[in-house]
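A quick write-up on the structure given underneath.
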Amino acid sequence: MSRHDEPIVLGIETSCDETGVGIVRGHTLLANTVASSMDEHARFGGVVPEVASRAHLEAMTPTVEGALTAAGLRFSDIDAVAVTAGPGLAGALLVGVAAAKAYALGLGVPLYGVNHLAAHVAVDQLEHGPLPKPSVALLVSGGHSSLLLVPDVAQDVISLGSTVDDAAGEAFDKVARVLGLPFPGGPHIDRAAREGSGAAVAFPRGKYDDGTLDFSFSGLKTAVARWVEAREAAGETVPVADVAASFQEAVVDVLTRKALQACARYDVKDLLIGGGVAANSRLRAMAQERCDAAGVRLRVPRPGLCTDNGAMVAALGANLVAAGVRPSTLDIPADSSLPITVVNV
Ligand code: KG4
Ligand code: ZN
């Protein structure tokens with residue numbers, strides 16, 4: 001039983017390179033503290049798992065304390081601890097899961113091991129209130145691109161489609177590298193694209209008319225690399241802004257098309273977009289246009305809640321507490337390939 005009208009939940013996220021600690025009261029955000037090890041990975045052009053695990057270990061205690069201070073709370077105020085149990089990098093997940101178990105045991109409160117992707121969906125409630133049931137969710141990040149039917153984020157998440165190769169964010173990162181932009185590439189492509197034309201180069205749109213709700217970005221990524229190589233071989237300068245805009249247009253066109261196809265197919269009137277790529281300005285704009293045309297309501301959390309953070313984990317934890325879902329046992333594993341259909345372990 002909660003000691004408060006609405007439970008105060010501490011959420012811990014360590015699935016990739018962000019050590020995120022969030023605190024919510026029900027669906028009110030009290031703190032969202034993030035320590036990122038991105039700078040340590042940038043020179044490698046991608047996240048190095050061992051480096052991420054060590055950084056989580058070092059950042060965990062100060063980040064938890066930072067979140068409590070930001071919320072003006074003490075450990076004794078916490079009613080439950082939620083943690084990302086998967087999917088993600090095994091060693092990185094392990095640090096968060098071990099810490100969450102220790103906090104839950106030490107504080108004598110229940111532990112909820114949750115799915116990272118479901119948490120990306122749940123976080124929107126902190127900004128836009130309870131999720132309509134059902135909703136369709138498009139999750140686009142560095143590790144995942146999925147379309148989900150979400151009858152109830154606390155207990156029922158159904159996979160409608162996913163990428164068959166690269167994740168959308170991964171494609172942004174790889175194309176950025178080809179264009180000589182820093183890692184992670186998404187925000188840099190977004191910025192460069194504002195100076196270019198999305199219609200400059202007709203890049204291929206994978207699985208556009210195949211009738212499935214799956215994605216493919218590997219062909220597009222290769223097409224961009226070949227196009228750039230051909231310009232360089234001919235001794236011409238590469239029009240970075242136009243290539244960035246045209247690549248981005250192709251990704252965003254496919255993502256929004258399939259998301260609205262999912263809404264139509266399942267007769268759902270609410271679409272949520274989450275994950276790091278949801279911060280993309282062109283994705284937000286095109287999604288809004290196409291949702292308006294289709295009579296679908298669009299929800300996109302603000303960028304700070306789209307990228308990995310602890311508040312999303314706390315938000316889902318609060319849903320689980322409210323739904324009376326049984327807490328996790330203290331021997332739950334970190335599961336790097338936890339399926340999306342498993343909301344909590
Ligand atoms: O959700 P997230 O923080 O971590 C994962 O779970 O992967 O997503 C990170 C991904 C990176 O690939 C990054 O390039 C991409 O999100 N990203 C963006 C933008 N901001 C971040 N992609 C496109 N446009 C952006 N503005
Ligand atoms: Zn994520």
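Glycine residues also receive a Cβ, built from the backbone N, Cα and C atoms like all the rest.
Under the heading Fe cation binding site, TrEMBL lists His116, His120, Asp308. Summarising the annotation, TrEMBL assigns substrate binding site to Leu139, Val140, Ser141, Gly142, Gly143, Asp173, Gly186, Asp190, Asn280. TrEMBL lists 29-314 with the feature domain 'Gcp-like'.
What TrEMBL annotates, mapped onto the structure for a quick look.
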residue: His116; record: Fe cation binding site; contacts (Cβ under 8 Å, 6+ apart): Glu13, Ser15, Thr84, Gly86, Pro87, Gly88, Asp308, Val313, Leu338
residue: His120; record: Fe cation binding site; contacts (Cβ under 8 Å, 6+ apart): Ala137, Leu139, Ser141, Gly274, Gly275, Cys306, Met312
residue: Gly143; record: substrate binding site; contacts (Cβ under 8 Å, 6+ apart): Ser15, Cys16, Pro87, Gly88, Ala167, Gly169, Glu170
residue: Gly186; record: substrate binding site; contacts (Cβ under 8 Å, 6+ apart): Gly142, Gly169, Phe172, Asp173, Ala176, Gly276, Val277, Ala279, Asn280
Substrate site span - longest C-alpha distance across Leu139, Val140, Ser141, Gly142, Gly143, Asp173, Gly186, Asp190, Asn280, in Å: 18
Confidence summary (mean pLDDT) of the domain 'Gcp-like' (29-314): 96
Asp308 (Fe cation binding site) - helix vs strand vs coil (DSSP): coil
Number of other Cβ atoms within 10 Å of the Cβ of Asp308 (Fe cation binding site) across all protein chains: 26
Sparsest Cβ surroundings (other CB atoms within 10 Å) among the binding-site residues Ser141, Asn280: Ser141
Those binding-site residues in His116, His120, Leu139, Ser141 whose CB falls under 6 A of ligand 1, listed in sequence order: Ser141
Filtered binding-site residues, from Leu139, Ser141, Gly186, Asn280, Asp308, whose Cβ is under 6 Å from an atom of ligand 2: Ser141, Asp308
Cβ packing number for Leu139 (substrate binding site), 10 Å threshold: 27
Where His120 (Fe cation binding site) falls in three-state DSSP terms: helix
Cβ-centroid neighbourhood (8 Å) of the Fe cation site, His116, His120, Asp308 excluded: Glu13, Ser15, Thr84, Leu117, Ala119, Ser141, Gly274, Gly275, Asn309, Met312, Val313
Per DSSP, three-state class assigned to Gly143 (substrate binding site): coil
